[in-house]
Ligand SMILES: Nc1ccn([C@@H]2O[C@H](COP(=O)(O)OP(=O)(O)OP(=O)(O)O)[C@@H](O)[C@H]2O)c(=O)n1
Ligand SMILES: Nc1ncnc2c1ncn2[C@@H]1O[C@H](COP(=O)(O)OP(=O)(O)O)[C@@H](O)[C@H]1O
Ligand SMILES: [Mg+2]
């Protein structure tokens, strides 16, 4: 990938935030202020098999049951985010997994502000290119990952090419030919 290129990541806003409109709005503002572009946005209620598939790497851990149950307890928001160094930058904005340390050491991060516990830690972010591609494929099966990089990535580099739909929380490419 070019040094200037954007990297995609999958962000999830967990159920205890989605049901709190003020908190959700704050997080959306933090996402935009950190210069992420929102390529796709969807609200969804996960089934238990969805949640178990998504968190399969944690199967057998003591928190697996509570995590999958929690993630199906209400709607979640799924965002495909684009930014230079998107995976690392989104995890930086979220803050570390363990909320009680994070509240103390990184109180200005999303998890520092909106996390309630290690399970209910407000957000998810892919941890590598490989998992971003896999996770995006799981929740946005019709999204063409390679096609986006080939045809659309360049437009998402410059805010001036984009229109933000605040209601749907998604950026689309402006049709400048009709301007
Ligand atoms: N066998 C266990 C049980 C708990 N913990 C840690 O202790 C934290 C607090 O545990 P608990 O009180 O059960 O969590 P809750 O406050 O109920 O919150 P949640 O289930 O949402 O994490 C856990 O999240 C986990 O980080 C742990 O390391 N090992
Ligand atoms: N010790 C823990 N106690 C409770 N829940 C946990 C714990 N570790 C991880 N989790 C939950 O599992 C999710 C996935 O864990 P992990 O991939 O290690 O962290 P991250 O979400 O930061 O990538 C976390 O976001 C959190 O909700
Ligand atoms: Mg993880």
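Backbone N, Cα and C define each Cβ position, glycine as well.
Heads up, TrEMBL stuff is auto-annotated, nobody curated it.
Annotated features, as they stand in TrEMBL:
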- 124: active site, pros-phosphohistidine intermediate (ACT_SITE)
- 14, 63, 91, 97, 111, 121: ATP binding site (BINDING)
- 6-147: domain 'Nucleoside diphosphate kinase-like' (DOMAIN)
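Features as recorded by TrEMBL, highlighted on the structure.
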{"residue": "14", "record": "ATP binding site", "contacts (Cβ under 8 Å, 6+ apart)": "70, 71, 76, 120, 121, 122, 123, 124"}
{"residue": "63", "record": "ATP binding site", "contacts (Cβ under 8 Å, 6+ apart)": "118, 119"}
{"residue": "91", "record": "ATP binding site", "contacts (Cβ under 8 Å, 6+ apart)": "125, 127"}
{"residue": "97", "record": "ATP binding site", "contacts (Cβ under 8 Å, 6+ apart)": "111, 118, 121"}
Tally of DSSP helical, extended and coil residues in the domain 'Nucleoside diphosphate kinase-like' (6-147): 70 helix, 26 strand, 46 coil
Binding residues 14, 63, 91, 97, 111, 121 (ATP) - maximum C-alpha distance in whole Å: 21
Mean predicted confidence [pLDDT] for the domain 'Nucleoside diphosphate kinase-like' (6-147): 98
Contacting recorded positions for ligand 2, chosen from 63, 111, 121, 124 when the Cβ sits under 6 angstroms of any of its atoms: 63, 121, 124
